[in-house]
């Protein structure tokens with residue numbers, strides 16, 4: 001029997017992420033209140049200002065407000081993963097019916113899928129998403145969080161729908177489908193007993209791979225100061241800045257281009273967390289692919 005190392009490693013990494021997401025906030029070394037101290041006096045006559053480098057007090061360093069970076073990552077994990085899974089779940093809720101209705105590879109739904117895919121695949125996803133999210137009426141909309149989830153999900157619905165359509169079309173050409181039609185199996189029964197059992201493995205695999213894509217996209221958007229939720233904060237007379245108002249990891253890397261020179265740990269560790277989450281989703285997806293295809297090995 002071939003051991004599925006991808007699945008084992010993926011489950012292990014997912015378990016670690018889940019532990020810090022749900023149990024992490026109650027750990028003794030995590031500051032759940034995220035208190036910051038911009039100025040400290042380690043010794044008489046010595047003053048240090050935030051951001052503080054990694055030390056015994058701040059294992060991963062601090063941000064510009066003097067908050068522990070490790071605590072920020074742990075406390076922001078839940079918001080980050082909720083955002084990722086909301087986007088992917090909504091994407092598949094729309095893409096699965098589209099793909100199923102267009103499985104004959106002709107007709108209105110097939111045309112919609114191909115048009116949708118071609119429209120949004122002509123440019124990198126980061127450009128298309130950023131362009132839509134920076135439209136004036138969406139910049140500070142009170143429902144921007146929900147609009148952002150819908151927009152990020154819909155941008156790649158065409159790509160996912162096309163994958164499902166092609167797989168459904170392949171299943172429809174199988175002899176057991178023709179046999180079911182011949183003996184008069186009802187369409188709903190055909191879907192639940194023939195199509196979905198054969199499509200489910202690939203949908204699950206692609207779901208986790210898509211979760212990794214969304215994680216990377218959120219990080220990319222933060223690099224260009226495009227956030228899921230944001231507000232305009234006036235810092236001084238005639239000067240304002242846009243700040244992310246959510247607690248996800250993208251919040252920490254909003255000034256990555258400046259921090260990477262003076263305090264590299266501020267963008268480095270959140271980016272590392274996003275990369276680890278992405279690798280976890282991809283490894284888990286590949287592990288499930290091998291699990292579902294184990295009879296072919």
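Glycine too: its Cβ is placed from the backbone N, Cα and C atoms.
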Range among 115-139, 165-189 that TrEMBL annotates as transmembrane segment: 115-139
Stretch carrying transmembrane segment according to TrEMBL (options 49-78, 199-228): 199-228
Top partner of the transmembrane segment (145-164) among 5-24, 81-103, 115-139, 199-228, 264-284 - counted as Cβ pairs under 8 Å: 81-103
Leading contact stretch, 5-24, 81-103, 199-228, 264-284 vs the transmembrane segment (115-139) - CB distance under 8 Å: 199-228
